[in-house]
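Shown next, in structure tokens, is the structure this report addresses.
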Amino acid sequence: MKFLDEAKVYVRSGDGGNGCVAFRREKFIEFGGPNGGNGGRGGDVVIEAVDGLNTLIDYRYQQHFKAQRGGNGSGKDCHGAGGKSVVLKVPVGTQIFDEDRETLIHDFTTVGERFVLAQGGNGGFGNAHFKSPTNRAPRHANPGQPGEERWIWLRMKLIADAGLVGLPNAGKSTFLSKVSAAKPKIADYPFTTLHPQLGVVNADGREFVLADIPGLIEGAHEGAGLGDRFLGHVERCRVLLHLVDATCEHAGKAYKTVRHELEAYGGDLTDKVEIVALNKIDAVDPDELKKQKDRLKRAAKKTPLLISGATGEGVKEALRKLADVISEQPVSIKAKSTSDSAATEEPWAAPLPPQG
């Protein structure tokens, strides 16, 4: 299934049905009186968060959704039928924005959550409604009210417990494939991962969801590379695992490049708990490894973990530390406080330092 995390959609609720002008006509009843029924209510446009979806690809091929119009009233006090509503199904984690792409209308966070995006128009009154002691035979009825219409943006943000960040070719996809059943594309060239990937990880009996997003490069917030739009998928994460390639030219500079892009994106990403790990330690000699570790430690102001996604060295320790942070931090909390003792006791769990 193709991945799509943003779609523009047009929705229109149903118009209300018209009221009816009718009179009772029966044998031997000279003045039967009005009996025109009311129009039916138009259908709503409803959006529902469902389980089992992780893409908005369906809305690439169909962008227009219209609910059914309410039925017109008829004689013998028959009211029009209500219009059938339209239900748009989206993944959990989807946000609805107005046409300006900035005004948040609703955020879906739980399975089964429903939101009425456009209400159907009310049906018009038939002439029976207007009967009164002074007007025994009204000859007018109301038309149905028009429905609502609008353009909206659907934007999906994956719901994961932990997120993998780093430069392209930092080994994020290899790490994800090592610790979960996910099968991301792995190759020795930049931007192998073009879309976010999810994997379920089991660390000593504790399960959590890990998200791998495409790599960031310098200037990503200005559109370089694949840009930084995929960072939205780690906004809901409780902890970030920052992988730095031990074979790169300078581990400290690589770390700061990603940090700068996180700051430029915003979204409280820089306030999240971060675990820093030096990856691909099997591909460098001991002297170079020590040099890169020291560079990364100075840049991050914390002692990095040493891991290898290829051989599995240090991977279990990294998963345990991720699980520890996730178990301590509720889903609703987006950032770890600097006063939290759990964050200050362990150097790998300290909040991200401010960058000049």
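The backbone N, Cα and C atoms fix where each Cβ goes, glycine too.
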**OP:** Examine the ranges 82-106, 107-131, 332-356 and name the one recorded by Swiss-Prot as region 'Disordered'.
**Re:** 332-356
Subject >> Spatial neighbours of SER173 (Mg(2+) binding site) among the binding-site residues GLY166, PRO214, LYS280, SER308 [C-alpha, 10 Å] >> reply: PRO214
